[in-house]
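Listed features, source TrEMBL:
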ACT_SITE  His266  active site, proton acceptor
BINDING   His303, Asp309, His339  Fe cation binding site
BINDING   His339  homogentisate binding site
DOMAIN    24-254  domain 'Homogentisate 1,2-dioxygenase N-terminal'
Amino acid sequence: MAYYYKLGEVPHKRHTQFRQPDGSLYAEQLVGTLGFSGVSSLLYHINPPTQISRIGEPRPYAPKRAEGVKLAPQHLRTVEVNATGPDYLSARKTMLFNNDVAISLCNPSEQEMDYYYKNAQADEVVFVHDGTGDLLTQMGRIPFGPGDYLVIPRTVIHKFRFDKSENQVRLLVIESFSPIETPRRYRNHFGQLLEHSPFCERDMRPPVELNTETGPGERLVQVKKEGELHQFYYNFSPFDAVGWDGYFYPYAFNIKDFEPITGRIHQPPPVHQTFEAHNFVICSFVPRLFDYHPLSIPAPYNHSNVDSDEVLYYVEGNFMSRKGVDRGSFTIHPGGIPHGPHPGTVEASIGKKETEEYAVMVDTFKPLHLTVDALPYLDENYPMSWNEHGTGNVRKGDMFD
Ligand SMILES: [Fe+2]
């Protein structure tokens, strides 16, 4: 994040003596990105964060690329999927990945994790489709609900606690191997979001309170790095910070706080951009008024994403009335292959005033690979569904790009 924030107690000056009630020093830790050139925070721990008690055997945790997948538009239909696993990490099923980003479905059935988690290599954006609860981190607690993007920078130790609910928890996890940032064109020289940005700092929700855990007992932190989950044990809680300050911390942003940019004629996909990272962007499609030129066509024009693979994840809206695409569907339109509205939908869109649809889009500049875990959800009719005489009955959301 690009603004200063503080929780708990910190010493008057950084790198000076800051003592615990028993007279011992708190352990200061700088967490910084891009060497010492990116954003950073200073944390003050009761215990040295270096004090590992033991290290268990690593577990393989890398996505497996599906072989023999034809180059074609693809549709993954996941609406009928309930739990994808018991706990947060076992439930994460990667659908698509490349060297810059991995996109996973995560529908855990268990309410609370009995371990802590740290991604040592990647920032994570967890989009909450269904479910409420608390994201508990070493930098404080963030309550969350449907529509929240939870942005968790790399190395932040955390765990999820989901509320009891009749609905299955449904999460979209976007793992980024470079820092997640707000779009650079919306920030001024000082890092503040500008007036023409579709959201501002007031919409960002940093941790609300720091619950310092001091109780005894061994704790497990599962650390994801290089396609494995490494097992680190400590004789104290990793949530032992009494305070921190800086620019590096997790936060929430709700898709409903994204203010759409509209115009007289069809606006291009970058108006929906919400986050950016190296070689990919994340966009939010939200309810909005359609174009108001008297001859405007609300449906998008056909386009060739020459350098981009485009992934749309369908959240809420009237696409549910169509056969095929539903809540939780992914459509994948690979670079080099033109895509656009289905037959009849361009004419049908004329005169429509607004849309109520929500979707999350990930556009990558390098090709994505489908995984073995994605294959059971693959809709074989989708690639031919633009053919008016074809057998496909799936409709890509008319109003998405
Ligand atoms: Fe597109």
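A Cβ is built for glycine as well, from the same backbone N, Cα and C atoms used for every other residue.
Neighbouring residues of the recorded Fe cation site, listed in sequence order and excluding His303, Asp309, His339, comprise Ser304, Asn305, Ser308, Glu310, His333, Pro334, Gly335, Ile337, Pro338 (Cβ within 8 Å of the Cβ centroid). The Cβ of His266 (active site, proton acceptor) lies under 8 Å from the Cβ of Asp291, Ser296, Ile297, Pro298, Ala299, Pro300, Tyr301, each on the same chain and at least six residues away in sequence.
Cβ crowding, taken as the number of other Cβ atoms within 10 Å, peaks at His339 among the binding-site residues His303, His339.
Sequence-distant contacts of Asp309 (Fe cation binding site), defined as residues of its own chain at least six apart whose C-beta falls under 8 angstroms from its C-beta, comprise Ile332, His333, Pro334, Gly335, Asp363, Thr364, Lys366, Pro367, Leu368. Mapped onto three states, the DSSP output places His266 (active site, proton acceptor) in coil.
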